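Taken from TrEMBL, the feature active site applies to ARG323. Annotated ATP binding site per TrEMBL: LYS147, GLU231, HIS266, in sequence order. The feature Mn(2+) binding site is assigned by TrEMBL to ASP568, LYS737, HIS767, HIS769. Taken from TrEMBL, the feature substrate binding site covers ARG640, THR904. Here TrEMBL flags 31-481 as domain 'Biotin carboxylation'. Taken from TrEMBL, the feature domain 'ATP-grasp' covers 151-348. Feature annotation from TrEMBL assigns domain 'Pyruvate carboxyltransferase' to 559-828. Summarising the annotation, TrEMBL assigns domain 'Lipoyl-binding' to 1105-1174. The annotation N6-carboxylysine is assigned in TrEMBL to LYS737. What TrEMBL lists as N6-biotinyllysine is LYS1140.
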Amino acid sequence: MLRLQRHVTRLGFNRYNQSRRPLSNVADYKKVNKLLVANRGEIAIRVFRACTEMDIRTVAIYSEQDMQHMHRLKADESYLIGKGLPPVQAYLNIPEIIQTALENDVDAIHPGYGFLSERHDFAQACLDAGITFIGPKPDSMRRMGDKVVARETAIQAGVQVVPGTPGPVRSAEEAYEFCKEVGMPVIFKAAYGGGGRGMRKVSTLDEVKEAFERASSEALSAFGNGDLFLEKFIERPRHIEVQVLGDKYGDVVHLYERDCSVQRRHQKVVEIAPAPELDPILREKMLSDAVKLCKHVGYENAGTVEFLLDERGNYYFIEVNARLQVEHTVTEEVTGRDLVYSQIRLAEGRSLKDLNLTPEQIQVNGCAIQCRMTTEDPARSFQPDTGRIEVFRSGEGMGIRLDSASAFAGAIISPYYDSLLVKVIAHARDHEHACAKMERVLREFRIRGVKTNVPFLLNVLRHKKFLSGVVDTYFIDENPQLFQFTPSQNRAQKLLKYMGEVMVNGPMTPLATDIPPSKIQPTLPHLPFNSNRPRGWKDVLNEKGPEGFAKEIRKNKGLLLTDTTFRDAHQSLLATRVRTYDLKKIAPFVSHNMAGLFSLENWGGATFDVAYRFLHEDPWERLETLRKLIPNIPFQMLFRGANAVGYTNYPDNVLTKFCELAVKSGMDIFRVFDSLNYLPNLVVGMDVVGKAGGVVEAAISYTGDVSNPEKKKYDLKYYTDLVDELVKAGLHILCIKDMAGLLRPQAASMLIDAIRQKHPDIPIHVHTHDTSGAGVAAMLSAAKAGADIVDSAVDSMSGMTSQPSMGALVASIERTPLETSVDPKDINQYSTYWEQTRQLYGPFECTVSMKSGNSDIYENEIPGGQYTNLQFQAYTLGLLDQFEEVKKMYKEANLLMGDIVKVTPSSKIVGDLAQFMVQNKLSPKDVLDKADELSFPQSVIEYMSGMIGIPPGGFPEPLRSKILKGKPKSDGRTGDKLEPVDFEKLQKELEEKHDRPMSEKDVVSSALYPKVFDDYVEFNSKYGPVDKLDTRMFLTGPDIAQELDIEIEKGKTLHLKTLATSDLRDNGQREVFFELNGQLRTVYVKDKEAMKEIHEHPKASKGQKGSIGAPMPGEVIDIRVDVGDTVEKGQPLVVLSAMKMEMVVNAPIGGKVKSVAAQKGLKLLGEDLLVEIEE
C-alpha cells in the first residue's frame, strides 16, 4: 500500500502539493528523501505516516527492549541502537543515532517529543553531520528550550512571566533560599524538558530537599540533564498553550490555542482545542504575545508557547516547548492542517506562504478533544501498570481519530517507557458534542490484561464542570468523585484464565474419586411457556405470617413433605458439591409441578461453607436466585443455634444480622438446633430468628432409642421436657432431628405420640437419614402418630445416608387419610433429572465406597453425612479395610465423651477422637489412663473447655480435666461473653484489603468464615463468575477443540472454543489458545510442576499492613532502610522508577524492619515484596 501511494505521488497526485507558486527561495530548498525518527511509539508512527504520504522513505531506531514494538515495523527500515544501555539511555545516545543516520543515507531526522526533542546539542549534531533537523534552529532551542533563558527572553520581548529563579538551581540549599524569599508554594521544573517529568510542587519548606532530589533525578533520567529552575506556583490557573509555526524567512503564525488544564502530576490528561469559554479579547492578546515572542527570537518550525491564566484574567508566560507536542492532534483536527507535514516542508525551506499558512487562511472548525489513554491505574494514584494486553477492542466511528503504537492484543507493556497507550481524539461541531462523541468511543474500548485510566476519563467527561468547558489545573484534585469507579467485570477473560488453569494444572476444586464427570446433558422436564404457578405454602405464609402459618399446618389433613434434594440429600451423597447451576435449571419445574411440597430445604448447614470454599460461588446469590425461580414454596435452612452456619460460637449480633439478611434474601423457615441440645444456645437462635421475621422451627436432636427401656439417658422424659422448654421459648414448629437415622419405627410412634399428647397445637416436623434402610417405615410411623411434616429426598437422590425416598413415601400413603398432594408422575420426572445430573458429580459419588445402607448405625450412631465422609476419608487414604475399626471406635469415643448428642459440630469432635484413637492404636482405657500426656485434637480440647456448650449430664471427669491440663473452662453460653462484631469497621477493613465494595452480606460472611471468605473474594477477583460454567467445565475443564456456550447474564452469551495448549516456555508458563466469539484469545498459565524448579520473587501478603509490596512494576533505585531499623509511619523505605517516573514507597505503619526483599537495581512486578515491618 505504501509503495502504491508513492507511485501515485510520482504521477503528480500528491495531495500535500498545496501550492503551485514558486518557492520563496529556491536556493534554500533542500528536499527530504529519507527521514529517521529519533523516537519510539505512537509519535514515531505518526511521523512515518506523514512521510509515507509525502513519498519520503522512513527509518526507525529501537532499543533492545523495543525489539517487538510496532513502530519499528511501520518504517521502511529499522535499526537497533543502544545495545547494552538502559532503556531510556538508548534513545539519548546522540553519537550512535547520528552514526546510524549517516550509515543509512538519512538526510533528515525528526525528534518527535520527549527524549532528545528539546536538546539543542542534538539539533547541532544533526546539522554538523549535514542532516536536516526537523525542528527549530539549535540557538532557538537553546534559548527557548532552556526554561530559564526562555523567561529572560520573554521579559525582553515584553511578555509577562511568572516570578522565578534567574537560572538553574544547583542545590537544595539554593532552592531553600529562593523559597524563603518568594514564599510558598513553589514548583520545581526541569530546565530541559516537559511532560510533567522533573516537576514537583512544594508547599512547605520541609519538603524542599526531597522534592529537589526526586525532581532532579527524574529530569536526568528523562532528558539526560537534571538541571531545575523554580517558579512561584500560580494558584487555580488554566493552562493555555498556543501552537506556532515559523519559517526560515522570519515569518511566524499561530494555529490558535489549546486548553490543557486537566492535569495530574503536572501531566496533561485531556486537551481541548480551541480553549472553551475563553474571552475573545484575551485570546487575541495571548495569541499575539505568542507570535511576538517567537518573532523576537527568529523562531523556526513548530513550537508551543505556554501560559498560565489566573482567575482574574491575568496570564503569564511559563515556557516554550520547542518541539511538536503530544496534543498537536487537536489543533490538526480543528484547523485541518497537518503539523508534521508542515514541519518537514518548513525544514526543507518552504515558507509559510508556500504552505498556505497565513493568518487569513488558518481558521478554526468546531471543537476537538484528546484523551490520553494510559496503562495506569487511577484507583491507585495512577500507578503505571505493565504486562501483556490480553484483549484489545478499540472504539471508532465518525469524528474519531486514534494515534497509537502498542494497542493490540498480545502487546507487552514494559515498565521502561511512558505509559501512553492510545491518543483518542474526538472532533465535533462544539464542545458538548465532542464530549458526547468522546464518551461514546471510550465506552466502546475493551482492554484486558493491564489497567487503564479509561474509567477515570469517563468520569471526567461526565462531570458538569468539564462539560461547561471551564476547568483549572485543580480540577482533578478537587473532585474526588472522579476516582469513584465501577470495577470492570472482565468476565470473559477471567473465565478463560480459569479454564486455562484447569487445563494446565488440573481441577481447582479437590476431587474425591477417580470417576470423571459425565458428558451427559441432563434432560429438563417439559414446562409450558408462561404457565401460571399454582398456589403453594409460601403464599399461605405471606398471607398469615408465622403464627397463622403454623395453625394452617395443623389444619391440613394429609401428610406434608419437605424436599431435601436441594441440600441435605447431596450433602450426604455428593459431599455437598451440587452447584447453583444445576439447581436453578430444575427450579422452575419444582415451582410449577411440586407446589404441594411444604418446603424446600436448600440452604444453611454445610452448603454455606462449601459454596464459598469449594464451589467458588456466593451462597447468598444462590438463595436469591432460587427465590426468584420458586416464589410459591417456602424455603428452609439449617441454623446451628449459637453457631449460625459455622462450627463455633459467634457474638450474638452476628446471629442477629445473619438472620435479618437471610429473611430479606428469601429464607422462610429456620430449623434451629444445637449439637448438644444445649438449651441456652437453642433459645438464642430461636430469639434472633423470631425477631428477624422467620418461622422458628426449633429442633431436638435425637439420639439413643426411646423404645429401649435399658437406655436411660435419652428417654421419653428427656425429650418431652426439652420440648416443653422450647415451646415456652416461642417456637412455631417443632422438629425431631434424627441426624444419624436412629429413630426406629416403634420409637417414632412413641416419641411423636408423647409430644402430641402434651402439645396438640404444635406442628411436628420429623427429619431422619435412611442409613439403616428403615427411613420410610420410621416416617410412616411418625406420620400415623401425629407428625405433620416429614423430610424426604427425590428417589434418585434418596436412601443410604440421605433421606427416605419421596416416591416411596407418596406411594405408601396413596388413597389413605395421609395422602399428599404431590403427583407421583411429577416425582418421576423430577427424579429423572437428578439421576442424570448426579452423573456430573462422579468425583464426589459416595457409592464408590458405600454400596448400601447399614443397620450397624444403631450401634455406632454415626450421623448420615459424617458416615459418608468418614468412609470417603478411609477410601482416599487406602484404609477402607480399617473403616470397621473406625466405626467401632466412634462408639467408644462417644462413650468417652459422655454419650453425647452427635450433630455437627459435636459429631465431628467424636469423629476426630475416634480417628485419633485408631491412628495411635489407643483403647478407651489407654485414653483414660494417658489423657494427661496425650496431645488430643484441637476440636476435642475446645469441646472439653465448653466452647460449644454443655452436654446433657455434664462433662466426663476426670477425663475433662486431664485433657485440658489446666486450660480455662467455660460452664455457660460462650456467645454472650464474646465482644460484638463492629460491622462498619469490618466492612472498611474488607474494602481496604480486597479493593472492592462490600455488602452487608459480605461482611456477615466474613464474620462467620474470615479466611474462607477472603479466599473466595480473591478467587472470584482472579477467575470471575465460574458459577456460570456448566458443571463438567467447572470441575475438569474443556477438551481441546470443544465448543461451548456460556451465558454470563441474560442476553449475553459467550461462544467459546478451545484450540491448543503450548509447550512449556522458559519462564515456566504455557500459553492456552481459545477462540472467543470468533476472535483469538490466549492466556498464560504457570505450570505448577515446572514452577517448582524456578525461583520467583515473593509477593507481599495481602491484608497485612506490615508486608509492603511494590505499588507498581519498576526498578529499585534506592533503599532507605536496613533490617533491624526502627521506622515511623510515613518514613521513606524504597524508591522505585518506572515509565520515567519515580515513586517513594513510605511505611504504612511504624515498627521494626523485619526483612528487606528489595535490592538496588532489581526489576520488580507489582505487589512484589519490598519490606516487612513488625509493629
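Please read every residue number as a count from 1 along the shown chain.
Note: Cβ is positioned from N, Cα and C throughout, glycine not excepted.
Automatic prediction, not curation, is the source of TrEMBL annotations.
This view paints the features noted in TrEMBL onto the structure.
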residue: LYS147; record: ATP binding site; CB count, 10 Å: 24
residue: GLU231; record: ATP binding site; CB count, 10 Å: 22
residue: HIS266; record: ATP binding site; CB count, 10 Å: 18
residue: ARG323; record: active site; CB count, 10 Å: 31
residue: ASP568; record: Mn(2+) binding site; CB count, 10 Å: 30
residue: ARG640; record: substrate binding site; CB count, 10 Å: 26
residue: LYS737; record: Mn(2+) binding site; CB count, 10 Å: 23
residue: HIS767; record: Mn(2+) binding site; CB count, 10 Å: 28
residue: HIS769; record: Mn(2+) binding site; CB count, 10 Å: 32
residue: THR904; record: substrate binding site; CB count, 10 Å: 20
I'm trying to understand the geometry here, so how far is the Cα atom of ARG323 (active site) from the Cα atom of LYS737 (Mn(2+) binding site), in Å to the nearest whole number?
83
May I ask which of the binding-site residues LYS147, GLU231, HIS266, ARG640 is closest to HIS769 (Mn(2+) binding site) if we compare their C-alpha atoms?
ARG640
Express the distance between the Cα positions of HIS266 (ATP binding site) and ASP568 (Mn(2+) binding site) as a whole number of Å.
61
Here the Cα-Cα span from THR904 (substrate binding site) to LYS737 (Mn(2+) binding site), rounded to a whole number of angstrom, reaches 12
Between HIS767 (Mn(2+) binding site) and ARG640 (substrate binding site), what is the CA-CA distance rounded to a whole number of Å?
15
Binding residues LYS147, GLU231, HIS266 (ATP) - maximum C-alpha distance in whole Å:
16
Secondary structure of the domain 'Lipoyl-binding' (1105-1174) by DSSP, residue by residue, totals 0 helix, 39 strand, 31 coil
Distance, ASP568 (Mn(2+) binding site) to LYS147 (ATP binding site) (CA atoms, angstrom):
77
Integer Cα-Cα distance in angstrom, GLU231 (ATP binding site) to ASP568 (Mn(2+) binding site)
74
Hey, how far is ASP568 (Mn(2+) binding site) from ARG640 (substrate binding site), Cα to Cα, in Å?
14
How many Å separate the Cα atoms of LYS737 (Mn(2+) binding site) and ARG640 (substrate binding site)?
12
Output field, ATP shell: CB within 8 Å of site CB centroid, site LYS147, GLU231, HIS266 dropped:
GLY164, ILE187, PHE188, LYS189, ALA190, MET199, PHE229, ILE318, GLU319
